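Here's the structure, in structure tokens; my notes come after.
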Amino acid sequence: MTARMISIYGLVLASMMASVLASSSRFQRLPQSQSVVENESVKFECESTDSYSELHYDWLHNGHRIAYDKRVHQIGSNLHIEAVRRTEDVGSYVCIATNLASGAREASPPAKLSVIYIESASVQLLGSNRNELLLKCHVEGASGDSEPLEIEWYRNSEKLSTWRNVQLDQHRLIVRQPGSDDDGLYRCTASNAAGRVMSKQGYVYQSSVKCLPRLARRKSQKVMESWDKQTFLCRGKRGGAAGLEALPAAPEDLRIVQGPIAQSIIKEGEPTALTCLYELPDELKNQRIQLRWRKDGKLLRQVELGGSAPISGHSFDSGKDALLREDARLVLHKQNGTLSFASIIASDAGQYQCQLQLEAHVPVSSSPGVLEVIEQLKFVPQPTSKNLELDAVVAKVHCKAQGTPTPQVQWVREGENNTLPDQVEVDANGTLIFRNVNSEHRGNYTCLATNTQGQINATVAINVVVTPKFSVPPVGPIETAELGTVVIHCQAIGDPKPTIQWDKDLKYLSENNTDRERFRFLENGTLEIRNVQVEDEGSYGCTIGNSAGLKREDVQLIVKTTGDGFAPEESGGDGFLVTRAVLITMTVALAYIVLVVGLMLWCRYRRQARKARLNDLSTKEAGGDQPDATGNGKGSEQEPCLSKQHNGHSKSRSKSSGDAQKSDDTACSQQSRASKKSAHIYEQLALPRSGLSELIQIGRGEFGDVFVGKLKATLVTSPSDKDADTEKQHSNSENGSGGSGSGSTTLSTLNEKRRSKTSMDDIEEIKEEEQEQHNQSGLEQLVLVKALNKVKDEQACQEFRRQLDLLRAISHKGVVRLFGLCREKDPHYMVLEYTDWGDLKQFLLATAGKVNTATAGSSSPPPLTTSQVLAVAYQIARGMDAIYRARFTHRDLATRNCVISSEFIVKVSYPALCKDKYSREYHKHRNTLLPIRWLAPECIQEDEYTTKSDIFAYGVVVWELFNQATKLPHEELTNEQVVQRSQAGSLEWSVAESTPDSLREILLSCWVANPKERPSFSQLGAALSKAMQSAEK
């Protein structure tokens, strides 16, 4: 390790130590992810519950501290951004609360800001052939997470929908078997909360064969002599077709004298007329001629001027007369060709052109005229009153106005100086937005639309309501005897107060259509039926509702006759049945109490007798002058959570004495000896709480808080001394309890334990390294402290004991040491070894540049090389092999549960910060927080943990190392999807891209479904060693 590397990693240490500091405060209000229209304002709220200390709030944007200005500023603890810009403001925002007294700080979860915008749209051709026309509407814009982008397609001016051969598929338009009816200009529009745009250029589709049909000519008709030799062919040809270019020009004396005015500006609602004066020569009056008006190229109106039969417009308009609809406002005058409008509307705006069409000739067209409409100021649609749900995060009331020029929209509230209340704002589109709806938002709000035409307004009533809920829902099915009484409860809460309506078999019940002597509708909504009849059986529904909505619950009423097993009522009526039920209940309760008291007395007597025998036995074994190690047998009662040995492989080796005792006494005696032995072991681990200092909370685990602190160097014992003392006590305990045990058996057991502790390392090397650290006088040891807060939680206590036994039994430089246990008072403290660089995941994030570690005059540390990653993986494999040889399982192996020192030494640890810091990496499954993305399938399905499941998790750890821990395994899936696919065996794993080729096969074998086919840690260590040698060459 070079001096440069140590200097760089020192900077990483400083940043990581600052990042793990956390105060005891919690956030009362957290920043929420939001989607906002570009150029609108947004506010992120942040507030801590620590009201007793002075707090300072800071905000980070994408991991960098925000530089405030007039547009981005902080008011109190909240962050305000005016005129949001998508190029600068998109990303994640984190609130940092710092306690000025202690310097501890806490970070909120990141809140994401998405910007909604829309710029342009264009039509793209994806494919065109005889069988299918495929177009796509490409949109430059984003809709955030709130509302999807809405796409509409138009053919010429006709809006398209999925019908016949036309199919709309999200952004795509599919026309199957396109024909001449599908010819035209295709355009699309896209809209979202930011606005609406139409494609500037569309796509013109023309079928491959287009010809002009010729009408059969009657014998009585004659063609003019000058055209006798003209021939009209209809021949489809690949690559082109005969069109209007092949038609002859119309006679020169057939012309339009005056067309529409080049530009007309008309107010909406006023009448107007478009002129089309034409000249028709006498020789053509018997010919088939049509006068046509077109709007934006589409045929609008037509009239026959000569001939006895109309001319088909199919030749020139492909049969699409979309604008030839009934409209009484439009009248086409045949005499002078004028197109008159009785009343102009906004949709009449466009380009108009009149034409004279002589059969089989090029049409004669006038100059186009543009009609502009001054749209009247109006609301589209009219704003309406609305009910808002109480405590809704966001509620909107729309107010859209149209007019020429575009009107400005604003909102005011009646009273209170016409100002809007807090948490109510207006966006750029005129939408009234309510945030965190409360009762103060009730009232009348007026929408004002203003332009040069004037001002219009619309007032709406906003009411804050609470959706009706069942406080006492009807519960069934209900069985009752004939002629009995039944009560069906139904009570509701809400604002306004909900009404309650009963029905039977979907027929409403009321006092008017029921027997008032038998049916009673109580004021609280309960239905009471007396003298129940057989015909009363059925399904009863209770419907509650107010202005906020409706809810309904059904219950089935079953009426039993006497023959069905119900006894007829006695003369005493209901009173006799109630009395009999009370007497039976009281008798059963009294018998239960007597039984419980008797069992308590018997257990107390047996416990005292057993303790007396144990005290006598202990006195005899110790020579009569050795006190009980557990304090006269009371240690197990004082420490109920740590009184039993729950290590699955540690079994009592005590043998029964020669005394003839009953089987239950023998079992109780062996259990008591095991408890005394376990308590004696915990006494050896005892540490005074006063030896701990500078405790700083870094998070919360499965059974309590987790701290980082310092332990006095005088309390740190050498691992060799600790092991020798422990083995000596084990030997004495076994020799004392098993009078006939041999010394050779004890010696072989100790040797076996020593071998399990050394694993693949030399025990003398461990002693020399750790003894050197211990002899450095005047230094304090950095430790990790895990508190046992849930003393009464049996599952938490069992896991606490399991981790104690795991770390106590292993002495290996790849696994953190257990320094001791503080049991002087609650909560109990488990004191573990900790390193100066902290947990491995934060180290990987820092080297990947995901954590800002740079200080003044320095840069972020470089990413790890492949050789360094392999070295880390190798050290973890050696530590896990030691755990395997000690016949333990880890169950939560991940980079977050490993620590790394400034000497680049990695150790397997067990912080397990599953409640806050790494809560995203845990999921509650079967009422237990599990790291499901690291667990083997058998752990999730059958709760079966073995060394092979640790192998599975190790493969995920190597995947984390090569990805620098920058992403979660299968982060594209939700936790529920991971559980489902893991149980179904369909969760697919792949190694990281930077993984060496020599490791890919063995790492993939870590994730096979059959645990027996997975490799061992020793095989993984050998493969990693070879890979390290290859990487160094």
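Cβ atoms are placed via backbone N, Cα and C, with glycine included.
Here's what Swiss-Prot has on this protein:
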DISULFID  Cys46-Cys95  disulfide bond
DISULFID  Cys137-Cys188  disulfide bond
DISULFID  Cys276-Cys354  disulfide bond
DISULFID  Cys399-Cys447  disulfide bond
DISULFID  Cys490-Cys542  disulfide bond
DOMAIN    25-114  domain 'Ig-like C2-type 1'
DOMAIN    251-365  domain 'Ig-like C2-type 3'
DOMAIN    692-1028  domain 'Protein kinase'
REGION    617-679  region 'Disordered'
REGION    718-760  region 'Disordered'
SIGNAL    1-22  signal peptide
TOPO_DOM  23-581  topological domain 'Extracellular'
TOPO_DOM  603-1033  topological domain 'Cytoplasmic'
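Mapped onto this structure are the features recorded in Swiss-Prot.
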residue: Cys46; record: disulfide bond; DSSP (3 states): coil
residue: Cys95; record: disulfide bond; DSSP (3 states): strand
residue: Cys137; record: disulfide bond; DSSP (3 states): strand
residue: Cys188; record: disulfide bond; DSSP (3 states): strand
residue: Cys276; record: disulfide bond; DSSP (3 states): coil
residue: Cys354; record: disulfide bond; DSSP (3 states): strand
residue: Cys399; record: disulfide bond; DSSP (3 states): coil
residue: Cys447; record: disulfide bond; DSSP (3 states): strand
residue: Cys490; record: disulfide bond; DSSP (3 states): coil
residue: Cys542; record: disulfide bond; DSSP (3 states): strand
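Considering only the disulfide-bonded residues Cys46, Cys276, Cys490, the residue whose Cα is spatially closest to the Cα of Cys399 (disulfide bond) is Cys46. Looking only at the disulfide-bonded residues Cys276, Cys447, Cys490, the one with its C-alpha closest to Cys137 (disulfide bond) is Cys447. Counting residues per DSSP class in helix, strand and coil order gives 4 helix, 45 strand, 41 coil for the domain 'Ig-like C2-type 1' (25-114). In the structure as shown, the Cβ atom of Cys542 (disulfide bond) sits within 10 Å of 24 other Cβ atoms. Residue counts for the domain 'Ig-like C2-type 3' (251-365) by DSSP state, with H, G and I taken as helix and E and B as strand, are 10 helix, 48 strand, 57 coil. Comparing Cα positions, Cys46 (disulfide bond) lies closest to Cys447 out of the disulfide-bonded residues Cys188, Cys354, Cys447, Cys490. Non-local contacts of Cys447 (disulfide bond) by the CB criterion (under 8 A, 6+ apart in sequence, same chain) comprise Phe379, Pro383, Cys399, Ala401, Val409, Gln410, Trp411, Gly430, Leu432, Asn457, Ala458, Thr459, Val460. Note on the domain 'Protein kinase' (692-1028): mean pLDDT across this stretch is 82.
Cα to Cα, Cys354 (disulfide bond) and Cys188 (disulfide bond) are separated by 28 Å. On its own chain, Cys276 (disulfide bond) has Ile256, Gln258, Gly259, Pro260, Leu291, Trp293, Asn336, Gly337, Thr338, Leu339, Cys354, Ser366 as residues at least 6 apart in sequence with a Cβ closer than 8 Å to its own Cβ.
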